[in-house]
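These notes concern the structure reproduced below.
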Amino acid sequence: MELKNKKLSLWEAVSMAVGVMIGASIFSIFGVGAKIAGRNLPETFILSGIYALLVAYSYTKLGAKIVSNAGPIAFIHKAIGDNIITGALSILLWMSYVISIALFAKGFAGYFLPLINAPINTFNIAITEIGIVAFFTALNFFGSKAVGRAEFFIVLVKLLILGLFIFAGLITIHPSYVIPDLAPSAVSGMIFASAIFFLSYMGFGVITNASEHIENPKKNVPRAIFISILIVMFVYVGVAISAIGNLPIDELIKASENALAVAAKPFLGNLGFLLISIGALFSISSAMNATIYGGANVAYSLAKDGELPEFFERKVWFKSTEGLYITSALGVLFALLFNMEGVASITSAVFMVIYLFVILSHYILIDEVGGRKEIVIFSFIVVLGVFLLLLYYQWITNRFVFYGIIATFIGVLIFEIIYRKVTKRTFSNNMYVKS
């Protein structure tokens, strides 16, 4: 997407990544994490944050040398060339943005309608989903600087609300609630949950997907990635300590989808419940804003470089590309037609596979981009283990989703094979910006 010439600053890039990472997950699956990890939830967030930092090591080394809005696909293409695997991964990357938009739209409707005491029915949900996607799509008409400024404000409000939650919660904490449980079953639950919550750190990739629009990307892309992960890790751990330190685990599990809002009541009362609900709306909004921006950039870059159909790169209204409108429209369609829980799990597995190929690409290109081989090998082993844990979890909890993952990979491969045969298009060698 050819946006205006103004570049994103370091902190605007950080705010975009934080906006995606502290998205719906901290609010919607917090109760699930409490059920699996118990009072080891803060340690779970630390462990999953370490996984993210390992992946980020490869992202920063590659992102400093390979500047492209195609993000991880540019890294993989540089390492293994133009082939069916690269093409399939590029389609999976773009689809992950589409489905994420749908998830955020559904999550926003779920919080917004009760907050304004509106009837929760199919019509109101649909109108809300369409409206919120349309709003942030319109915001993206005005280019990366408008997106960055809006994201900075949204993330600031969200962090202030979560900061109040953390500060107030720490004052009234029950120390016995947060003592780590070292029983073997509890430790295994913590490791298992870390594979789930690793997904809560996935948003840092939006930085590399917008690297062409970031000031001094060689310096700021690595900085933005590490800063954003560390900020998010601090917030996650603080929220977890405040939540489990004020509410017994059993009550957190019962609260399920609004666990944080319920956890705020003991020390902030009804005002806390309201603030956390508003924080959830800001959180989901910022995640959607950054995801629409990142998804449109990926669609444009991949079309320009030969992997998606040419109409994705055509400019239409307001000098934006059709890729922006198609990405948003498909996101709305998924939100209106499908239950997104299973699809979200499939998307998470897709990101894991992309991360594995990014680390592999770093190993192949290590002489060119720099880095230590032992760290790269260790990262690959760890992320592969996390991926297998995720698959195992889905196998024992939702067999349909497990088969859906396999079907997704096979389906995309078949599409890629047919697409290349019919169109004869290949990746362009001009997808990279020399840094």
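Just so it is clear, glycine is given a Cβ too, placed from its N, Cα and C backbone atoms.
The transmembrane segment annotation in Swiss-Prot covers 14-34, 44-64, 84-104, 123-143, 153-173, 187-207, 224-244, 267-287, 324-344, 346-366, 375-395, 400-420.
Recorded stretches compared: 84-104, 224-244, 400-420; the one with the most Cβ pairs under 8 Å to the transmembrane segment (44-64) is 224-244. Listed by sequence, the residues of this chain that lie at least six past the ends of the transmembrane segment (346-366) yet keep a Cβ under 8 A from its Cβ atoms are 55, 57-59, 61-62, 72, 75-76, 78-80, 85, 89, 92-93, 95-96, 99-100, 199, 202, 205, 373, 376-377, 379-380, 383-384, 386-387, 390-391, 394, 401, 404-405, 408-409.
Two recorded stretches are said to be in contact when at least 3 C-beta pairs lie under 8 angstroms, sequence spacing 6 or more; the transmembrane segment (187-207) and the transmembrane segment (400-420) fall short of this definition. Residues of the same chain lying 6 or more positions beyond the ends of the transmembrane segment (153-173) and with a Cβ under 8 Å from any Cβ of it are 15, 18-19, 22, 235, 238-239, 241-243, 245-246, 260, 263-264, 266-268, 272, 275-276, 278-279, 282-283, 285-286, 289.
Residues 15, 18-20, 22-24, 26-27, 100, 104, 107-108, 111-112, 114-115, 132, 136, 151, 154-155, 157-158, 161-162, 164-165, 168-169, 171-172, 203, 246, 258, 260-261 of the same chain lie 6 or more positions beyond the ends of the transmembrane segment (267-287) yet place their CB under 8 Å from a CB of it. Among the listed stretches 224-244, 375-395, 400-420, the one sharing the most Cβ pairs under 8 Å with the transmembrane segment (84-104) is 400-420.
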